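To start, the structure itself, in structure tokens.
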């Protein structure tokens, strides 16, 4: 699965913002627009027993250039909420369901 960080017109969004993957399927988050973005999973909104720090970028770590990527593989089934730390206040949030 590929998720774009930022819309082509510069919007502060994940595209798609809600999606599903199979357990063990790689998710590639790809910076699309000219803003620094990152991917942080919300420790309160992921399946129990999953360590958010092991699947998240650091809040200070950013994908600065268009085309830069961050890949993660989720195996525990359930719903995971994530956000872009710099733009969470602007509504740059998403959700993935692992089936």
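In case you wondered, yes, glycine gets a Cβ from its N, Cα and C as well.
If you check Swiss-Prot, you get these features:
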- 1-99: domain 'Plastocyanin-like' (DOMAIN)
- 37, 84, 87, 92: Cu cation binding site (BINDING)
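Mapped onto this structure are the features recorded in Swiss-Prot.
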residue	record	DSSP class
37	Cu cation binding site	strand
84	Cu cation binding site	coil
92	Cu cation binding site	coil
Neighbour tally for residue 87 (Cu cation binding site), based on other Cβ positions within 10 Å of its Cβ: 19
Which same-chain residues, if any, lie at least 6 apart from residue 84 (Cu cation binding site) yet have Cβ under 8 Å of it: 5, 12, 14, 37, 38, 39, 40, 92, 93
CB-centroid shell, 8 A cutoff, Cu cation site 37, 84, 87, 92, site residues removed: 5, 6, 12, 13, 14, 35, 38, 83, 85, 86, 88, 90
Number of helical, extended and coil residues in the domain 'Plastocyanin-like' (1-99), per DSSP: 10 helix, 37 strand, 52 coil
Residue, out of the binding-site residues 37, 92, whose Cβ gathers the largest set of other Cβ atoms within 10 Å: 37
